[in-house]
Amino acid sequence: LECHNQQSSEPPTTTRCSGGETNCYKKRWRDHRGYRTERGCGCPTVKKGIELNCCTTDRCNN
């Protein structure tokens, strides 16, 4: 599986997920600088108030 791993509004980059990982994620939240976005492999548990999208196809988390 290949997932995007750039932060917020950086140019798109991808990473090849290891260990048979089947999910990509995109996490979004707001702080004093505005909206922040984090992308990567897996489907992490998030705290209340954080928007999380998990998906299972190559580069689905941009």
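Just so you know, glycine gets a Cβ as well, placed from its N, Cα and C.
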C17: disulphide-bonded cysteine as recorded in Swiss-Prot, out of C41, C43: C41
Cysteine of C24, C43 paired with C54 via disulfide, per Swiss-Prot: C43
For C41 (disulfide bond), the three-state class that DSSP assigns: strand
Those disulfide-bonded residues, out of C17, C41, C43, C54, that come within 10 angstroms of C3 (disulfide bond) at the Cα: C17, C41
